[in-house]
């Protein structure tokens, strides 16, 4: 047994090295190079590597990268709502794909030919405060927080919790080899089946149903499942109904990986422009990790009464499920009211340029919360200036 864990750790280095090689050799995003790096010529050169071979030249401006077709390639006709006319749609598949891409590039920059703003504190305030995107950032952060809090707090992948659910009041194996085999089998059934099934459903449904819609579905069903498991756990545990608990836990894994655990990662990467995408995604992810840390602290120090602590899984788990169901409901409400949809409708998907506009008609700066925050900020600044003047 001593050499097995060494082999496991050693073999685990191989995929990490492969991933590291791809990460070190991948080129920078052309959009980032143009908008943030301000090097549109290099961005055009990098973009040409992704486009079909029919395109032989790239003309870049500081606004965007627009690739021109060869001289003999005719542009397709676009009608008023952005769709390709029926007469032109009968062209070859390859040419149509190229033309759609070219027209998307043209339409994305038709409304505004100004270059993206240079990163600055003024632009930061304009985008997040006055255009209302701070509200979106808070929403994506809180949704990620609401997902990771129960996911890591309940130890959805914890062998001790899974063993408790699996055996109920029965006695688990006592010898090391049967314990290892038992743990592997339980993890495959309870964790892997649900996780793989959830991810597979996501691949099929995410573009058809929409990010926001499936996130609402996930939060809703997790809210219901947490209440059902939390309310019935003690009864099922005492009567040996572990099979029902296992099925419910697998359903939790499916809905965790089908929706919130996936969409909370995807949505922050799509709702913000290039110059703030990494920052916004990082802040959202940080709130998720904050939720996981708070969950561990909660379970380690919370006092349920009756001498119930973290070591008595069958005693605290149902109460924690009921408590964490509140955060599923909170995530559902935040998604409904504050997460914008990434789909325009039946006509297509919003471009990054369209997302960059923000919420000018309903900016965060005009809300009650923003006005009070600004008032407190001004009062704090004056107080600080007074204290500094008094000290001097």
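Residue positions begin at 1 at the first shown residue.
Cβ atoms are placed via backbone N, Cα and C, with glycine included.
Any TrEMBL annotation is an automated prediction that lacks curation.
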Checklist entry - Between 149-174, 279-304, which stretch does TrEMBL give the note transmembrane segment? => result 279-304
Checklist outcome for this item: Matching 92-114, 115-137, 184-206 to TrEMBL annotations, transmembrane segment lands on 184-206
Item to check | Candidate ranges 66-86, 213-233 [criterion: TrEMBL lists as transmembrane segment] | outcome: 213-233
Item to check | Listed range which TrEMBL flags as transmembrane segment, given the options 28-51, 316-339 | outcome: 316-339
Checklist entry - Taking 6-24, 184-206, 213-233, 316-339 as candidates, which has the most Cβ pairs under 8 Å with the transmembrane segment (239-259)? => result 184-206
Next on the checklist: Which residues of the chain, 6 or more past the ends of the transmembrane segment (213-233), have a CB below 8 A from one of its CBs?
Outcome noted: 143, 146, 150, 202, 205-206, 244-245, 248-249, 251-252, 255-256, 258-260, 263-264, 267, 314, 317-322, 324-325, 328-329, 331-332, 335-336, 339, 341
